[in-house]
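These notes concern the structure reproduced below.
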Amino acid sequence: MADTLEFNEIYQEVKGSMNDGRLRLSRQGVIFKNSKTGKVDNIQASELAEGVWRRVALGHGLKLLTKNGHVYKYDGFRESEFDKLSDFFKAHYCLELMEKDLCVKGWNWGTVRFGGQLLSFDIGEQPVFEIPLSNVSQCTTGKNEVTLEFHQNDDAEVSLMEVRFYVPPTQEDGVDPVEAFAQNVLSKADVIQATGDAICIFRELQCLTPRGRYDIRIYPTFLHLHGKTFDYKIPYTTVLRLFLLPHKDQRQMFFVISLDPPIKQGQTRYHFLILLFSKDEDISLTLNMNEEEVEKRFEGRLTKNMSGSLYEMVSRVMKALVNRKITVPGNFQGHSGAQCITCSYKASSGLLYPLERGFIYVHKPPVHIRFDEISFVNFARGTTTTRSFDFEIETKQGTQYTFSSIEREEYGKLFDFVNAKKLNIKNRGLKEGMKQSYDEYADSDEDQHDAYLERMKEEGKIREENANDSSDGSGEETDSSFNPGEEDDDVAEEFDSNASASSSSGDGDSDRDDKKPAKKAKIVKDRKPRKKQPESKKGKDPNAPKRPMSAYMLWLNASREKIKSDHPGISITDLSKKAGELWKAMSKEKKEEWDRKAEDARRDYEKAMKEYSVGSKADSHRGERSKKKKKKQEKQVKGKGDKKGATSKSSSSKSPAKGMSDSFKSKEFVSSDESSSAESKKEDSEEEGAASPPPSSEDSASGSD
């Protein structure tokens, strides 16, 4: 018989999850190597106490029990391999490989047996299921009930968290079956027992995650978090990091404890324990140990009697017991002077702390990202407003974190910090243009931008536009939308009552004239000059003198650079506030100096304004005279043209131009006292004769026929 047996693709059951690997049986014992992690489990042959062969979901399995109570389960065997394994066990381990199938009846009533580290629920002689007691995290009892809670397996998608057993009462005196069941579980379970007195107790501390107020009892090996609803026992071995972070308001402090594995409540896992303290809260603390024990255990890091701020005492005790350094913010300083940045992550607002080796966000949900796990960062414009931007972080595992609604004033500080830490910036190629766009509104003081002056200019423009709109609306509003005078110039012949040029068309016209009185052309005042006037008003004369500045504005323009040099990185709004404070605190003598300068500037403006107004009036008079002269010349030219047209035509058949000139006068010569009745129109037409436009070729042809 071979001295070794090897099996590939064997699965080992560990805390509810199946890990594949290779199983090797030899004379010395059983060796299993995990193919994923490379971990090797070695069971000595002398430690083996029992071997069980049974049918499982993945085929057939092998369960090995050791003399110290440990259980090892391996699945993935074929049915034909039983004989080979049974002979090997007999020859090398002197054990009988027993066949024992699981009960599949589906009953929920049976017997509980405790064997070593294993709880077995049996129906008759067949086991239904088995629970390794090392997986039990808590055991609680009721009237006739025992509840087992389990450690959550982070590697498994679905984990069993709780099992409840109903224990019927018995007639035996002095023995409570529920307590006996619980004691058997607790003797083998991985449950933290709060034995002995606590070193110290901090009462009613405000906890943000998990939310509520808790009493913290400090034990030598674990931390007991006792609240009104929940209790948590946290071993110091699960504490990864400690953080002490100042709040942005400089009146509160965050104390953050990073945990792995996390504490759990149902399906909720808390990777961070966050406590919030007020800086003004003090405490006097006495450790429940004598001075020799304190000196021997903590080596001067703690003393028996201590006093100070509450957050300092908690952080000092935790640092001594956990034996880990406390991380505090580095040299980063934001726009407002705080060591953090206000932003939003997911749906909640919080604070982002740039640390020396990473970022931490508090508080909902807390996030800690180390620099060595960051693939790149990205600066993006805000989606809702240009007054903020987003800061994106993507890890090497592909997880992306987006911190949004960061004030634009923080951009320069954060960019310099990321650059100094040599993190990969995704949009570094666009950073010049992006930085320029942010600098336009972050450092616009360099361009002598004055927010107050700009606002005054905008209000002046609005007032001027309103004044122009009111002047436009003062005239006849109906004429601006409909001007029939412009349309009637080309069709003035339709309003003439004479129709003697052609027999066919003339008859129709005369009939129409008999039935309906002749229309008179509407006389409408020309609105074009009025339309052009607002355009000239709207344009501002660039040669006009500029208005003088007030004493405050003169001082601000002279002092702006000094304020910026004294306060590097100050924003526009903060600069205005600071300038107002300085001006308010200035002595009366210094203000009088700037008042004199403002008075001189006002006199110069008035003098320049007088000269400008005299010159503008002279220009306007010259313009009016030239307009009148031009209009007079146009009238003279038009009158000469009418006379020439009248003499060139024969007197017998008067030209249509003459008829038109007699019957239709220009707009300038129409007086309001002229009669517009149809009778006067008829008389004028009879005296002047039947004047009509010259017949076309078609009309002349029809007349000859």
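Even glycines carry a Cβ here, placed using N, Cα and C.
The shown structure was predicted, so the numbers you read here are calculated from the model rather than taken from an experiment.
Look at TrEMBL and you will find 459-551 (among others) tagged as region 'Disordered'.
Per TrEMBL, the feature compositional bias 'Acidic residues' maps to 474-496.
Taken from TrEMBL, the feature compositional bias 'Low complexity' covers 497-507 (among others).
What TrEMBL records for 517-531 (among others) is compositional bias 'Basic residues'.
Under the heading compositional bias 'Basic and acidic residues', TrEMBL lists 532-544 (among others).
What TrEMBL lists as domain 'HMG box' is 545-613.
Residues or ranges marked as DNA-binding region in TrEMBL: 545-613. Across the DNA-binding region (545-613), mean pLDDT in this model comes to 87.
Annotation source TrEMBL lists region 'Disordered' at 609-705 (among others).
Residues or ranges marked as compositional bias 'Basic residues' in TrEMBL: 624-633 (among others). The compositional bias 'Basic residues' (624-633): residue composition by secondary structure is 10 helix, 0 strand, 0 coil, according to DSSP.
Positions annotated as compositional bias 'Basic and acidic residues' by TrEMBL: 634-645 (among others).
Feature annotation from TrEMBL assigns compositional bias 'Low complexity' to 647-663 (among others).
Mapped onto DSSP helix, strand and coil, the DNA-binding region (545-613) counts 56 helix, 0 strand, 13 coil.
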